[in-house]
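Report on one structure; see the data block that follows.
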Amino acid sequence: MASSRVILALLLAAAAVMASSAQLDEKFYSNSCPSVEAVVRKEMVRALGAAPSLAGPLLRMHFHDCFVRGCDGSVLLDSAGNSTAEKDATPNQTLRGFGFVERVKAAVEKACPGTVSCADVLALMARDAVWLSKGPFWAVPLGRRDGRVSIANETDQLPPPTANFTELTQMFAAKNLDLKDLVVLSAGHTIGTSHCFSFTDRLYNFTGLDNAHDIDPTLELQYMARLRSKCTSLQDNTTLVEMDPGSFKTFDLGYFKNVAKRRGLFHSDGELLTNGFTRAYVQRHAGGGYKDEFFADFAASMVKMGGVEVLTGSQGEIRKKCNVVN
């Protein structure tokens, strides 16, 4: 009986996701703000030209937004009073680019006051971050509204880098995302960097023994040694490491090549090799011969994720500034 209730709940959640995402439209602003994509892209070209490493964080920010309360811009809200917002929760304390999101939103507000949501601005920025990193381009369905609530404790819905395969599949399924979405969106790790503390448990404390021999046995030894040379202790809270060594500013197939060799940075990356479907996908694209196929898959999964639990119509609001409600 309990399992039946769980299945019913998942089906109802999936139906709600599909209903809300169906209300999004690539041409939503064609009359009210036809220049919105050009305005966003102009700011993105300028910013990534000066700091190309910002692409990964912006993509990650959109992902973190969508997995908590849906793609409603709640990750952008500041904490207020006694209420701690998502951005100040532990999983989000390493997010960066909030100031740049505000700059882009200000440019959009200047062009079209009170028209385009922060959630839509962030979705467009994530798309352009990928495209300007030599990744795929896709049409972004628009029409999201901004949420008014942001709760730090709800960030437990975010898949942690330590997650095993069962945890990953459950967290993705809760957002109506399947195994293909899991392996495809994980490959967003082809751009960007990570702090050592997100993975040093694999190097020094995998089973809780906290000694030099307590390593993740699924991690390739030479790669492990290289990571140890950069992250010298569990207490390293500042060092940044490339997630896709050598091409962390380029959106390519490098992620799959690394994971196939057991050189995925996070434990969650390595877990993709424990399932037949995701392992086959990794191995197929590790060969480097199907870039267009992966790009199309990534675009499709980003559109699907971008429709998770969105607010539309008269729900929510259109924030004037992304860090505070109106």
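Every residue, even glycine, has its Cβ placed from backbone N, Cα and C.
The pyrrolidone carboxylic acid annotation in Swiss-Prot covers Gln23, and the record cites sequence analysis as its basis. The disulfide bond annotation in Swiss-Prot covers Cys33-Cys112, Cys66-Cys71, Cys118-Cys322, Cys196-Cys231 and rests on sequence analysis. Sequence annotations record features per position, and here Swiss-Prot assigns site 'Transition state stabilizer' to Arg60 based on sequence analysis. The N-linked glycosylation site annotation in Swiss-Prot covers Asn82, Asn153, Asn164, Asn205, Asn237 and rests on sequence analysis. The annotation heme b binding site is assigned in Swiss-Prot to His189. Taken from Swiss-Prot, the feature Ca(2+) 2 binding site covers Thr190, Asp244, Ser247, Asp252, and the record attributes it to sequence analysis.
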Cβ neighbours within the same chain of Asn82 (N-linked glycosylation site) - under 8 Å, at least six residues apart: none
Same-chain neighbours of the Ca(2+) 2 site, Cβ within 8 Å of the mean position of the Cβ atoms of Thr190, Asp244, Ser247, Asp252 and not counting those residues, run in sequence order as Ile191, Gly246, Phe248, Thr250, Phe251, Leu253, Gly254, Tyr255
Going by C-alpha distance, which of the recorded positions Cys33, Cys66, Asn237 is nearest to Thr190 (Ca(2+) 2 binding site)? Cys66
In this structure, the one of the disulfide-bonded residues Cys66, Cys118, Cys322 whose CB has the fewest other CB atoms within 10 Å is Cys322
Sort out the sequence-distant neighbours of Cys112 (disulfide bond) for me: same chain, 6+ apart, CB within less than 8 Å of its CB, listed by position. Tyr29, Ser32, Cys33, Ser35, Val36
Taking the Cβ of Asp252 (Ca(2+) 2 binding site) as the centre, count every other Cβ atom within 10 Å, in any protein chain shown. 19
For Cys118 (disulfide bond) and the residue listed as 'heme b binding site', what Cα-Cα distance in Å is obtained after rounding to a whole number? 24
Test of understanding: give the count of other CB atoms lying within 10 angstroms of the CB of Asn237 (N-linked glycosylation site). 11
Packing count at Thr190 (Ca(2+) 2 binding site) (other Cβ atoms within 10 Å of its Cβ): 27
Where's the emptiest Cβ shell within 10 Å among the disulfide-bonded residues Cys33, Cys71, Cys231? Cys33
Spatially closest candidate among Asp244, Ser247, Asp252, the listed binding-site residues, to Asn205 (N-linked glycosylation site) (Cα to Cα): Asp244
